[in-house]
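Per Swiss-Prot, these features apply:
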ACT_SITE  His54  active site
BINDING   Tyr57, Lys101, Asn512, Gly549  ATP binding site
BINDING   Ser104, His105, Asn106, His107, Arg126, Gln252, Glu324, Ser325, Gln326, Ser552  substrate binding site
ACT_SITE  His105  active site, proton acceptor
BINDING   Asp127, Asp280  Mg(2+) 2 binding site
REGION    386-412  region 'Disordered'
Amino acid sequence: MIDTVEYAATTPDQPQPFAELGLREDEYQRVREILGRRPTDTELAMYSVMWSEHCSYKSSKVHLRYFGETTTEEMRTGMLAGIGENAGVVDIGDGWAVTFKVESHNHPSYVEPYQGAATGVGGIVRDIMAMGARPVAVMDQLRFGAADALDTRRVLDGVVRGIGGYGNSLGLPNIGGETVFDSCYDGNPLVNALCVGVLRQEDLHLAFASGAGNKIILFGACTGLDGIGGVSVLASDTFDAEGARKKLPSVQVGDPFMEKVLIECCLELYAGGLVIGIQDLGGAGLSCATSELASAGDVGMAIQLDTVPRRAKDMTPAEVFCSESQERMCAVVAPENVDAFLAVCRKWEVLATVIGEVTDGDRLRITWHGETVVDVPPRTVAHEGPVYQRPVSRPESQEALNADSSKGLPRPVSGDELRATLLALLGSPHLCSRAFITEQYDRYVRGNTVLAEHADAGVLRIDESTGRGIALSTDASGRYTRLDPYAGAQLALAEAYRNVAVTGATPVAVTNCLNFGSPEDPGVMWQFAQAVRGLADGCAALKIPVTGGNVSFYNQTGAVAILPTPVVGVLGVLDNVARRIHTSLGTEPGEILMLLGDTYDEFDGSVWAQVMAGHLGGLPPMVDLAREKLLAEVLSSASRDELVSAAHDLSEGGLAQAIVESALAGETGCRIALPEDADPFVMLFSESAGRVLVAVPRPEESRFRSMCEARGLPAMRIGVVDQGSDSIEVRGQFTVSLAELRMTFEAVLPRFFG
């Protein structure tokens, strides 16, 4: 028997499994108050998924408002769409716009790594499609458990194959990201996928419905049982030792070839002016798409749910309405354009069905074979869900953690000890080559990738006639954020900003994905609140806006949470990609190596402390956002005037790691001369922020120095590139061959996962 609105009104006391669906008692009672009766089974399913943590942001919303409060009108200049849309959109000049966003698919990627990661890519790509853009590239931020943990191989193998399999099939280059191993992610991997798309500004589309009588068309794949309760429920729960594998049926199944056709179909529909509003079907499926479209447009909607094409027999209305089957879109189309819309879909062999229409008023009415199974105000579903001011409390352990400095750890002193330290860090899972992973992705498909592997940021050509392009980088540091959430978020922002700047691009906008433990833990909420404020204040200092993002809570097993991991993505613009700066040394004979920025004795939270002593404590490096802004301006000017031939950001592993990576990328040796009054260990391995290694063509050294001095940016000569050498020499300390460095650097991941 179908539970209709009429039947629900006459059976107020019928027991309902609201708790099993994730609703609290008070939330369930609020639904009853809104409706003036008990909800039908379909309504209950809809409210449960739409009021879940993943869909409603009910624990984070009060803190996320700070992004809006700190965004000035000056920062909004050039932002065409921001927080609240499927993805942020920014003006990059010459009539072009870029849309980009990062989202999590963490929990599904643990339950079923291949499909979890693959559909994570598919979902973020559809968000970009829904803005009217052509997706042009993807990136990923991955966090796995310890490299030697038994389950890490299963998860990593599936996740990497899923990302590569879906992205490669779509013909989208993977232009960068990060892979981090830490035992805190055992059982709780992070899979954060970013997609970037390009559009002409006049082609921008938004997610709203308007115009009574306009038709609602569902197009794409058929609706099945896969993903019932999927991401919206999984991402709102923690894992226990036994429960993870039981959740397998809730993970969606992706078809990248269907999505590839869907991309081309959407672009032709946009070009024909056939779309009024559009929404992709992701978490919560059709229940989300219809309620959000109606709510955003302040209209009603009538949907005949039984007309939805299904690939499983005997599906209930609730299952059809809340299915998270992939590769589906929902469009608002004028009646006179329906035939043309359907004709385009037939051309691309995309299934399309008129399932309803926009109505006057404020009711979302869903019928099943003529009987009403949903009759609700859409705003109460999509935008007026519960909002919680969760208890926030600085953990009692925080003071002791910050007092536990790394200064007492034994440090290398002799040249042999420094050499051994370099090789130990380089040969650890933390700093080793990621080529074993990235070589499974296509980085250059479509022919517009200018920088990818070995680069601090991915660079894409947008306009072939002018050379206009973009740079993208994503960064995060859970270790720094654990020590100080406010500073940790700013350090992630600073590094992503710096990574974009070292290509010569001007940073213009930010996206984020905030990965934390349970919001029911006051200590986790303190970390979250501090990180949000740090990121928002940092963006205000740099004068670049947050255009959108994602929150992923409940990343913990039992009472043990992951390190707080705010992932920050920064978008930059290059007026001509021909002037981009790469990381490889040796493109000019006799390049001068210079270190920009100040180096301090800062090792708390460093990779050195982790690898050599398993230590995490103290305070993270200082962050100076004014210095970061100055660095970006200098690098942009140096790129434009061709004063710098290579540049590499300093972060984990410090100067030593940056030198090795740039030397290996250029397959050339170099000679390093550290200041005589400096501690070689500090100079080589400190992780002080705001620093960049640059290679300057010998004839330009004087001009470059003068530019840095005029702007007040410290610039120290630390060596030269030696194209006739096959080793790195640190004068008075040690020499190590490129062959030994490469073998150490590249052997680690194949040893664990090959």
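Just so it is clear, glycine is given a Cβ too, placed from its N, Cα and C backbone atoms.
Locations of recorded Swiss-Prot features on the structure.
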residue	record	DSSP (3 states)
His54	active site	helix
Ser104	substrate binding site	strand
Arg126	substrate binding site	helix
Glu324	substrate binding site	coil
Asn512	ATP binding site	strand
Gly549	ATP binding site	strand
Cβ contacts under 8 Å made by the region 'Disordered' (386-412) with residues that lie 6+ beyond its boundaries: 27, 30, 51, 56, 58-59, 61-62, 418, 420-421, 482-484, 519-520, 522-523, 525-526, 529, 601, 603-604, 606, 609, 612-613, 615-619, 681
Recorded positions (Lys101, His105), the one with most neighbouring Cβ atoms at 10 Å: His105
For Asp280 (Mg(2+) 2 binding site), the three-state class that DSSP assigns: strand
Spatially closest candidate among His54, Asp127, Asp280, the listed recorded positions, to Lys101 (ATP binding site) (Cα to Cα): Asp127
Rounded to the nearest Å - Cα separation of Asp280 (Mg(2+) 2 binding site) and Arg126 (substrate binding site): 6
Counts of helix, strand and coil residues, the region 'Disordered' (386-412), according to DSSP: 9 helix, 0 strand, 18 coil
Distance from His54 (active site) back to Arg126 (substrate binding site), taken between C-alpha atoms, in Å: 17
Rounded distance in angstrom between the Cα atoms of Asn512 (ATP binding site) and His105 (active site, proton acceptor): 14
Rounded inter-Cα distance in Å - Asp127 (Mg(2+) 2 binding site), Gln326 (substrate binding site): 12
Local Cβ density at Ser104 (substrate binding site) - other Cβ atoms counted within 10 Å: 29
Check: same-chain CB within 8 A of ATP site center, minus Tyr57, Lys101, Asn512, Gly549: Ile83, Val102, Glu103, Thr511, Cys513, Leu514, Val546, Gly548, Asn550, Val551
For Gly549 (ATP binding site), the one of His54, Asn106, Glu324 that lies nearest, given that the recorded positions are compared by Cα: His54
